[in-house]
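Novice: Input: one structure, supplied below.
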Amino acid sequence: MPGIALSQFENNLSLDPNTLIFLVTLPLVITIISFAKYIMGVKSFGIYVPVILTFMFYQFSRIDSGNVSVWQGLKYGLFITLIVFISSYISYKLVQPLTLHYYSKLAIVTTNVTISLLVVLFILDLIDRGGILRVDIFSLILLASISERFTNLLASKQTSTALMLSLQTILLGMICFLVISSQTVQNTFLNYPWIILLSFPVNYFIGRFTGLRLSELYRFRELLQKDSES
Amino acid sequence: MSYLDYWKNRKQVLGINERNLSYISEYNTNKAKKIADDKVLTKTVLNKAEIPTPKLITIIHNQKELRELDFSSLPNSFVLKPVTGLEGGGIEIFYNRDKQNNWIRGDKSKVSPDELYHHCIDILNGRFSIHQDPDSILIEERVKIHHEFKYYSYKGTPDIRVIVFNNIPIMSYIRLATKESAGKANLAMGAVGVGIDLAKGRTTTAIHGKSGYIEYVPGTKLRLSGLRIPYWSKMLQYAVEAQKATNLKFAAVDFLLDRDLGPLIVELNARPGLSIQLANDDGLRWRLKKATGLKVKDVEKGVRLGKDMFGGEIEEGIESIAGKDLIGIYETVTFYGKDEKSTATIAKVDTGADSTSIDKEIARKLGFKDIVDLVESGILPEGVTREEGIRISEKLMKELPQKYPDIHTVDFIKSSHGNSVRVTVKLNIKIQDTTFETKASIFDRSKLTYNAIIGRKSLTKFLIDPSKIR
């Protein structure tokens, strides 16, 4: 069905082409995340947070010419993400010993994250005019919601576990971003959008997979190293 | 060991994917899961089936009930938990209360009534519940640690888990709290998980947190393997009964062992973790496959099947050849005296001693008060020469048993403490599961390390493994 290639419509649509790209590659992103979880055993904060991170990296990678700069996306995306994580971590550790209601602690953490972001964005704007201005309200709200999830994790799990999960989530977001910012992938999805339909059989297969995850081959290595029994 | 074996062995092990798809979704109905996820519902269902659980003190359903609760009416020691909590989050265990009404935790840290109130509000707001949904609070009596585990678990009471499937016990382990895990029996926090042989109820291999295999209780010379779990068969029976009562086809049943009340079910888990495989050094997958589709008519049959199919790998070899139980150097021994009096102690198994000897205090507890008084009267000489000792013991043997019918013999004994004359009585001893009659001498062992030693003449039914410290 090459006849309905979206790239032909691109110029006639009032849609932002990047929005279109993000929309058509979204099933791919989600499939990668589910593959990473069920086949490789990557642990992330649900499916939602890595998608937000992917989207945010992508937002930052857009430069004025309408093209995409992978380096810029990684640089700013990672930077802002780290600011959010570090500021939530520090603020949570500060409010943790206080006897406060949980939502109140959360509100204080989010306030701190907002202040940190404001300060950082302001400084960045002074240094590098124009580069970071792609940050829109939407990305910032999403970032704040990541902060909430992260704080939640810190409150209910051990710090080391929360950090490991965060690291894997960020890596996963980066990998998804690298995949969808590839020119080849974008062209393929714009020219052959029916590829999206492959998501159904692929995810059905992943969804029926009952073998050990890659991470479990490592976790249970001692058991697997035993001499084979009957 | 080749890569091919590595690849083949993966068929023995259960992974998360298969656990979720082939066992939890396949066998556990939503209704059954709901019971397991709600600790109050679990308690109600189990108690109806006459399966023991820790005693309920109160339940707080909402903020109004929390405000109305008079905290000072709570006992000094209790456990507070979120009703739908996960992985032990939000659980507080209090051992005592100080004069300012602060509750004291196992690690001596204190919680003021105000802090506790806020903690309760956090729980009610759902901070520890499965999907952050509003939750209730369960307050129940604290389970008192069983003697057997005293030296094995840091502060907290160990937690024994039995995985049951199709009414058959499949695998089991005990989680011991450590200093690192802050007295909590949570593996992710650094607790120790020790596999349990299903047939014998004895511990096998152990893992420490997520870091790997260990042999001793951290910081001690106490061997983790070979520990005998009291009430073992009873526990397996309750586990299968709990499964029948809740209709959870694939479940983990968690027990605490109370010093006085025996095994109590504290929690049912519809999504058992997989670390139990590492602690047992064996996979769950082949066991579950083997148990699938078997017709299990009653609880006894299920327990027997589990013991036969999945137990008895350790030590069984030697024991079945010799027909003798394997014991270590230090064993918990129960003595049975007059009028059904009994007492237990840790005794040293001493192959260098000819016969068994017990401290006078043990003898007193066993109802031999008159003989203890006789020993204390100083009529039995110590530090005598051989000839003299034999002469005195023969003389006393003629006189004493007439006055004291419990005296079995009067013996001259040569030991590392010097020569002495001692009286002996007949009593029953239980080591592990074997009870037998033997004679034991009574004297003052209060200055010695062990208040009882088991000598050669009492050890004919056992094999002794000196490497087995406890």
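Glycine residues also receive a Cβ, built from the backbone N, Cα and C atoms like all the rest.
Pulled from TrEMBL, these are the listed features:
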- A:20-38: transmembrane segment (TRANSMEM)
- A:21-223: domain '7 transmembrane helices usually fused to an inactive transglutaminase' (DOMAIN)
- A:45-61: transmembrane segment (TRANSMEM)
- A:73-90: transmembrane segment (TRANSMEM)
- A:102-124: transmembrane segment (TRANSMEM)
- A:162-180: transmembrane segment (TRANSMEM)
- A:192-211: transmembrane segment (TRANSMEM)
Novice: Is it true that the transmembrane segment (A:73-90) and the transmembrane segment (A:20-38) have 3 or more Cβ pairs under 8 Å, skipping pairs fewer than 6 apart in sequence?
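Specialist: Since fewer than 3 Cβ pairs under 8 Å link them, the transmembrane segment (A:73-90) and the transmembrane segment (A:20-38) do not come into contact.
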Novice: Are the transmembrane segment (A:20-38) and the transmembrane segment (A:45-61) near each other by the rule of at least 3 C-beta pairs under 8 angstroms (pairs 6 or more apart)?
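Specialist: Between the transmembrane segment (A:45-61) and the transmembrane segment (A:20-38), contact is present.
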Novice: Sequence-remote contacts (6 or more beyond its ends) of the transmembrane segment (A:20-38), Cβ cut-off under 8 Å?
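Specialist: Non-local partners: 6, 10, 13, 44, 47, 50-51, 54-55, 58, 172, 175-176, 179-180, 185-186, 189-190, 193, 196, 199, 202-203, 206-207, 209, 213.
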